[in-house]
Amino acid sequence: MGKLRPGRVEWLASGHTERPHLFQNLLLFLWALLNCGLGVSAQGPGEWTPWVSWTRCSSSCGRGVSVRSRRCLRLPGEEPCWGDSHEYRLCQLPDCPPGAVPFRDLQCALYNGRPVLGTQKTYQWVPFHGAPNQCDLNCLAEGHAFYHSFGRVLDGTACSPGAQGVCVAGRCLSAGCDGLLGSGALEDRCGRCGGANDSCLFVQRVFRDAGAFAGYWNVTLIPEGARHIRVEHRSRNHLALMGGDGRYVLNGHWVVSPPGTYEAAGTHVVYTRDTGPQETLQAAGPTSHDLLLQVLLQEPNPGIEFEFWLPRERYSPFQARVQALGWPLRQPQPRGVEPQPPAAPAVTPAQTPTLAPDPCPPCPDTRGRAHRLLHYCGSDFVFQARVLGHHHQAQETRYEVRIQLVYKNRSPLRAREYVWAPGHCPCPMLAPHRDYLMAVQRLVSPDGTQDQLLLPHAGYARPWSPAEDSRIRLTARRCPG
């Protein structure tokens, strides 16, 4: 740790010894000297210097590790800087040539012929993978029944043969989707690293339409770009899959394919068929072109469940193509509601007096950042939605909404949902045919039969505007944890 003490300024650093730019150091020094000279007390954390450049990969072939560092500048009385002083990323180089000595083997071999264990005896060492700590250099003495630990392995060594993790500073770390080791970053359902499932839509439907005769029936188009595809049914019928070139991938031409993994549209399709009537298709995606899902009908269709995630910009073309082809695809139904036949027009007797409802009392004022932050951070879902209509049911108001944009979700949302609000005079009152930003909670009954989205009384629901959109995006960054 090096220290620079001109005029009560302290330079704290750890690890690497690269020097930041001289001009930048001079500015930081003058700023600190001015603050100290004026008697300004230092508070809060210190300031990080910019990251230095990434080092070269620790390996010349295969996988290795690259590192970059930064330093914390702080005055007396300031807290340490928040965050890490070092970042490690995985670097992937061309595969090592056949016959190359593995990295761990090479490290053990460095101790061949050298006296160890306080004696003059020497041994030939090979890696030993049965020790508890994978990131220690545990080497077995050839021809003997013992191993010895020579400390930590070098950074970039594989934790174990075939493992995805690599050792860094004695710890086994895996790379997140951002390439940084130990970051824990994951792809969301849309394929975005660290995303919030807000750049795609979840399509989930049940296909029940089919004729009475045996043969192939169209179920759905699985469009290009679809991810996390799952299809399932329970019957003696068989799922069939056709590529964009008109050739069958699975169960075509009245021939049932064996269970297994098939290549289709740039992804692996896993086809399983139990000894019972259940049959499933699963694919991670994304698909590189359209696929046509069909069913080879042999008995009445009890229902085929299918789901996938689709980029938002592809959803409208998908709907248009399905409707243009005349395929009987049902629209997404709101959560927890079975499809109902259209209601017959209500007949109102002539001269029936209509009683005006009692006026609703004014709603409490819910403006302000604190209210927005409270409901955003404590909600299960935050989205932009258009109110299609509302209905009073028992002591609740039910809004039917169409989801436009999702800011936060803890489980998939459908294109259309029902949002419930307590009372016949909910606060806030939502007007039909308007777009709102709203924060709602998910309520599931203990037996799982009821699954509702609840807009609490005096909760967060405000007309959508560009300004409110900016405020809610800023609020998302301020939630704890």
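Numbers run from 1 along the shown chain.
From the backbone N, Cα and C atoms, a Cβ is placed for every residue, glycine too.
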Original post:
Which residue, chosen from Asn197, Asn218, is annotated N-linked glycosylation site in Swiss-Prot?
Top reply: Asn218
Original post:
According to the record in Swiss-Prot, which candidate from Cys200, Cys360, Cys363, Cys479 pairs with Cys425 in a disulphide?
Top reply: Cys360
Original post:
Looking only at DSSP and grouping its letters into three states, which state does Asn218 (N-linked glycosylation site) belong to?
Top reply: strand
Original post:
Counting distance between Cα atoms, which of the disulfide-bonded residues Cys363, Cys425, Cys427, Cys479 is nearest Cys91 (disulfide bond)?
Top reply: Cys479
**OP:** List only the single closest residue to Cys81 (disulfide bond), chosen from the disulfide-bonded residues Cys57, Cys96, Cys377, Cys425, Cys479 by CA-CA distance.
**Re:** Cys479
Subject >> Number of other Cβ atoms within 10 Å of the Cβ of Cys427 (disulfide bond) across all protein chains >> reply: 19
Subject >> Per-region confidence, the domain 'TSP type-1' (45-97) (mean pLDDT, whole number) >> reply: 89
